[in-house]
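Student: Sharing a structure here in structure tokens format.
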């Protein structure tokens, strides 16, 4: 470990070494009075990097996007009070969507804290714990380092809980502790991301045999894969289950692209009543459902219309399972799934469901671009291992019905749904995509209303020379909101921008970017067919003009449901 | 009241009528799934407006700026979870700096809340109170409306507490309650911004006589005016005290421009050891200090070097007073000050202190622009009643030594110090400045690093046709941070932007804006002398090129002190 000398390491570097151990290569942040000593260590460390963002919310989003693409951990570094609170929404989103983000906050020295000095960046009341209390509501664990003696143990506990829960954690470092030397010994023991429960062995064996029996005796079993399967890294085992049994698998919106959508057993994205009719029909023909890592939120379940009756459904989760209404606490899919792969027999042909996962592709669409024609068309542009980000709005809903290529990583915020997220997240995703061998392409779909929230991170993309392909859907305002409420309200309008000039203004050199404007399918198709465009050798922004009141099928149905329940 | 019919008013309009009563003419926000029914009411109300911002943090800052300029109340409207949390930093800043901001959050219907539905914009855990708990740490009062019967009383209590404490408040409205009709009767009774304590009359009389005696028998008394005098509207009385007695008055940085800086009794901005030597000398020659509304934070007090010994200082506050170490709880400057004006006699000539409030103006500076020459020069450009905003960084420190014109309103965040604040705040300030009769000019000083955090609100300024004069200090990164730590660190660098092209990209019509670049004093002076420029008839952005390692005198001293205490 680069920063360990004679068995000693500075407290700041201890934290960095732990982060490197869990797969972190890049961090995101904004400097401030109280985090600069820690940033010195990041800047000087040979094995970890730092991406300076334009603001902390965006840096938090970037850490989230980085974690989604690496499948590991994102890191955002902010300063006390002003910096950390700006990232609140990003951290809450990672908490909600179960993304592992470490929020590191540089805070005043232990002396200033002990003296309760009324410093700048405080609430003026000499209380130093208000921001901790805020963080506790949106993280799995917190560590407010104050004593060098216990700091390593606190860091380890905090990070391990993050890994165990797949939720963010929060660590504060006082300026005077950053360079204090502590023992590097604990670094020799890796952090444990998962707790085994040996006492549960009998329960597990019982449950596995019951599930296997139910699976084998079902007329038509299916598997539903959702977000937690991705977050808790059980997809390899799920893949084995699918291969061994030949069972049809579906994903939720949040589980989209968990396994290859080109697989012959892929049944489509199941969203209850909002599903494509052919997908819904196939899924609901099942009499037994193995649901893995489900998150039953409104937008993930078609406004709670998933048809999964308790007597015919098994739910496998990271901390419990449910079988025929019975809850098995502490029995996890990490232990159950490998046992199940062993126990279960291949399906008979009669048990298999015919699948039809995608909408009929329109024959050569032409004329002005429509949502209906757009999404199947961009699907033809995707390549293996692409990172594809869909912003909340028409993009997230539209791309749900686009076929994801093998190895693709799909990022969206179906549960948290914070507009603007994809702008920052794509920065982090693109930084992570560059780390892959070979590098992945990063492709973003985002509406004009949303991009306005976080647009400055386009500048950071240019600064750090990442090369996403950005489809900016210009539909003249908050179209998703127009469908939910107030289609003609002024509050759903935005200021029109000259989008294709932004990269120049944000300092991208002329040969480092390209911009395009497309209004018709012919123009779009020509662009997508251009190998230079597809090579993603520079940052590219495509302004796609599309109708103000045009939306993907799924969004229209979801918006109707949302408007109904709001009333 | 426009929305009252037959003694009834909808709950949403009840809140709007209360806001109008306390002086609100414009609100700021971003639409979201759960606040649109309320935004309908705002959009339809004849007496209150809505400014759609690019994101919620900026909208919060705008509400803060609006409140500072009107001296009344700012309003920010966000949506549940994603929207409200993005505004956290802005609300905390208003709390810290004692600015009255109402944060109105549109939340899911009472039915959905009661059913604990796992909705989008939740943490996925069916708990609907996490965001309330967060808000409680950064507001004076909260009201989570749930029952129409008690809603009016809860709104009144929440707003009255905000007025009493001069801190923000937080109100959530479920979508299904917005249009429920309630009695308009309570609207006939105005909210009370201030609680009188009749039981304290004897204490007050005693204290006033002691203060008056100390004042009259002092060799050299002075008055120090700080932020809470502005926030709690006692300046008229302070002015009377100054006029009647002829006492020299000083302000803190946060109290700057509280009274006219052209007044012959004005002693300057007192910042302890960081003061201009002539100001420090004058202030510290006093043997009696009447300190009104002080906020003893590090940046407001020259890193706690105010020289105000307890035995020679009286502190008057909004909720207590301190006289010779003794604390008088519940005795407020609102009651004490008018009595003191009555009680105190004019000073004798021998009691008066000679004042010398401003630095020597450099004789006709020339060549490249420097911080030392810049601030006195821009002082010559200011006019009566200007609104002047200084962003945290070189701007806030530099403008401290610039003479403010009569009637000027000066806005900065000395205590909270969140970079980016001034971008959003200037939007709100400019909207408020337009409401004045005659309209005020709004002038912003902001560094390039700071503007990158919140730049999209420049677009909103263009959209709503406000016409601030923006001095963008381009010093190639976070100069204030370079002075505190890491002058040559990469983390203090930023991406260079083409600042003068932004207004075009953000959709400002060609005849609605102007941009300028100045590198020398000659260029700047020519611009400042141009009556067209000074007329502020369009939005104007002046890119001022200035040295990367150049800073105002006060900032250099403050940064040294900050670096020292961080270590």
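In case you wondered, yes, glycine gets a Cβ from its N, Cα and C as well.
According to TrEMBL, the record shows the following:
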BINDING   A:448, A:475, A:477  Mg(2+) binding site
DOMAIN    A:11-118  domain 'Thiamine pyrophosphate enzyme N-terminal TPP-binding'
DOMAIN    A:209-320  domain 'Thiamine pyrophosphate enzyme central'
DOMAIN    A:401-529  domain 'Thiamine pyrophosphate enzyme TPP-binding'
Student: Taking DSSP three-state, what's residue A:475 (Mg(2+) binding site) in: helix, strand or coil?
Tutor: coil
Student: Using all protein chains in view, find how many other C-beta atoms are within 10 Å of the C-beta of residue A:475 (Mg(2+) binding site).
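Tutor: Residue A:475 (Mg(2+) binding site) is surrounded by 22 other Cβ atoms within 10 Å.
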Student: How do the residues of the domain 'Thiamine pyrophosphate enzyme TPP-binding' (A:401-529) split into helix, strand and coil according to DSSP?
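Tutor: Counts, helix then strand then coil: 57 helix, 22 strand, 50 coil.
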Student: Starting from the Mg(2+) site formed by A:448, A:475, A:477, give every other residue of that chain whose CB sits within 8 Å of the mean position of their CB atoms, in sequence order.
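Tutor: Apart from A:448, A:475, A:477, the close residues are A:447, A:449, A:473, A:474, A:476, A:478, A:479, A:494, A:548.
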Student: Who sits close to residue A:448 (Mg(2+) binding site): which same-chain residues at least 6 apart have their Cβ under 8 Å from its Cβ?
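Tutor: Result: A:472, A:473, A:474, A:475, A:476, A:477, A:494, A:497, A:499.
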Student: Mind tallying the domain 'Thiamine pyrophosphate enzyme central' (A:209-320) by DSSP state, helix then strand then coil?
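Tutor: Tallied per class, the domain 'Thiamine pyrophosphate enzyme central' (A:209-320) gives 39 helix, 23 strand, 50 coil.
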Student: Under DSSP, the domain 'Thiamine pyrophosphate enzyme N-terminal TPP-binding' (A:11-118) has how many residues in helix, strand and coil?
Tutor: 55 helix, 21 strand, 32 coil
Student: Give the number of CB atoms, excluding that of residue A:477 (Mg(2+) binding site) itself, located within 10 Å of its CB.
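Tutor: The answer is 23.
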